[in-house]
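Here is what TrEMBL says about this protein:
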DOMAIN    14-357  domain 'YjeF C-terminal'
BINDING   Gly126, Asn179, Val180, Val181, Glu182, Phe183, Gly184, Arg185, Asp260  (6S)-NADPHX binding site
BINDING   231-235, 250-259  ATP binding site
REGION    282-306  region 'Disordered'
COMPBIAS  282-293  compositional bias 'Basic and acidic residues'
Amino acid sequence: MESVHHVSVSSKILFSKVRKIVPPMLEKFHKGQLGRVAVIGGSLDYTGAPYFSAMASARLGCDMSHVLCERSAASVIKSYSPNLMVHPLLPSIDTVKDPNSIDVPSLAGPIIAMLSRLHALVIGPGLGRDEVTLKVVAEVIREARSRSIPFVLDADGLLIVTQDPSLVKGYKECILTPNVVEFGRLAKTMGIKVASQVEIAQAGNDNITDKASDACEQLSQAFGGVTIIQKGPQDVISNGITSIISDSKGGLKRSGGQGDTLTGSLGTFLAWRAAYHEKMWDSGEQDNEKEAQSIEDVQAELSSENKRMSPVTTLLLAAWASSSITRECSRRAFADKGRSMQASDLTDEVHGAFLRLIGEPEGSKTHL
Ligand SMILES: NC(=O)C1=CN([C@@H]2O[C@H](COP(=O)(O)OP(=O)(O)OC[C@H]3O[C@@H](n4cnc5c(N)ncnc54)[C@H](O)[C@@H]3O)[C@@H](O)[C@H]2O)[C@@H](O)CC1
Ligand SMILES: Nc1ncnc2c1ncn2[C@@H]1O[C@H](COP(=O)(O)OP(=O)(O)OP(=O)(O)O)[C@@H](O)[C@H]1O
Ligand SMILES: [Mg+2]
């Protein structure tokens, strides 16, 4: 018998809490303060995924969007947009002298040197499966974790986790974003038998949401409390103790690359969340002495009108907000383009989705 631990707070209240972690637009801020995010991905085969992710991050509102990619992908990604800063720093089998004897820390050095300037990382979009690349990215993950830099792992980044779960196990500043297939692979790696959303639906269960939350909670617990967004007909978000369901309407076209709008949005939200906890602006909330742990604590923080939120609560909110924005982008793009909709159509909807769902926080000076 599964236990159910998802929060029961209305979307309206959740969005009002999300608005608290969005920095207002103020004249005093300098370049970079509204977010410096890097997407680590992009290879010979895949150049679209890192672009969609980095553009979603930029369109949502971060100041600096970097892409750290494999050499062969760099010029291609640069040609998509001059707004992105694209760095050809990832090695591959083709660019090292001897793939069987590589100095991983030294190959990872140029990327690690950038970490101190970044608020958040999105690791995996279009990364590919080159073994040299993956070893170097695993080293970057280790270093980012040791510096408490928050990161999102998706696509081929999740493959790195299936190869070595200890890289993220127990790290609370990390979000995994598996699709149905990736969720199954992660569960298998952790040796737990959980049904995916599709299997649950096919089995004709009545309580699909409860069963899906339970599966996501179990996987999160197996990872020591890492936050997981299981994407699907509804996105189930869990940190092993508390879960939130994101089930707003999306579009009906399942073109590839929509998950990249999610990861890019997450990158920006993680950067904003860090700024919120550093008190970069006055949120008008009262200090909160107690750090939320349990679902009751999280629920109380979400229901309180004027209390600062704990990192556990804001991580769940960042995940829920990013999922909601992605689904709203998909809904709007599908309403406009129908079956012709592509991933790039979501990119164009990010700002409109943000304004409709969240809106500018109090104090923002958007009209000069
Ligand atoms: N334009 C681009 O550059 C894109 C690049 N992508 C990259 O492509 C690489 C491989 O990603 P894949 O997602 O193909 O990973 P996999 O190679 O692991 O393939 C997953 C497979 O699962 C299938 N699948 C997905 N959702 C499913 C569902 N709900 N039910 C049943 N089957 C389902 C897919 O059709 C796919 O064949 C990654 O690096 C990714 O970032 C993709 O994100 C798509 C867009
Ligand atoms: N059946 C569905 N109904 C509504 N929304 C969905 C459905 N399936 C996926 N989505 C939404 O699409 C987005 C991407 O999820 P998806 O499962 O396509 O990820 P993915 O396979 O990793 O995508 P990508 O092609 O970018 O790698 C998520 O935000 C999710 O909420
Ligand atoms: Mg994907």
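Using the three backbone atoms N, Cα and C, a Cβ is placed for every residue, glycine included.
TrEMBL entries are annotated by machine, without manual review.
Only Gly126, Val180, Gly257 of the binding-site residues listed as Gly126, Val180, Asp235, Gly257 bring a Cβ under 6 Å of any atom of ligand 1; the order follows the sequence. When the binding-site residues Gly126, Gly184, Pro233, Gly259 are compared by the number of other C-beta atoms lying within 10 angstroms of their own C-beta, Pro233 comes out lowest.
Under a cutoff of 8 A between CB atoms, and with a sequence separation of 6+ in the same chain, the neighbours of Glu182 ((6S)-NADPHX binding site) are Ala155, Leu158. Looking only at the binding-site residues Gly251, Gly257, the densest Cβ neighbourhood within 10 Å occurs at Gly251.
Within the chain carrying the region 'Disordered' (282-306), a Cβ under 8 angstroms from the stretch's Cβ atoms is held by residues 5, 7-9, 13-14, 17, 20, 241-242, 276, 312-313, 316-317, 362, all 6 or more beyond its ends.
Across the compositional bias 'Basic and acidic residues' (282-293), DSSP helix (H, G, I), strand (E, B) and coil residues number 0 helix, 1 strand, 11 coil.
Lys253 (ATP binding site): 17 other CB atoms within 10 A of its CB, across all protein chains. Looking at Asp235, Asp260, the binding-site residues in this record, the fewest other C-beta atoms within 10 angstroms of the C-beta turn up around Asp235. Cβ neighbour count for Lys231 (ATP binding site): 23 (other Cβ atoms within 10 Å of its Cβ, all protein chains included). The 6 Å Cβ screen around ligand 3 retains Gly259 from the binding-site residues Gly126, Val180, Lys253, Gly259, ordered by sequence position.
Fewest other C-beta atoms within 10 angstroms, among the binding-site residues Val180, Ser255, are seen around Val180. Ligand 2 lies under 6 Å from the Cβ of Pro233, out of the binding-site residues Glu182, Pro233, Gly251. Using CA atoms as reference points, the binding-site residues Gly126, Val180, Gly184, Asp260 were checked against Lys231 (ATP binding site), and the closest is Val180.
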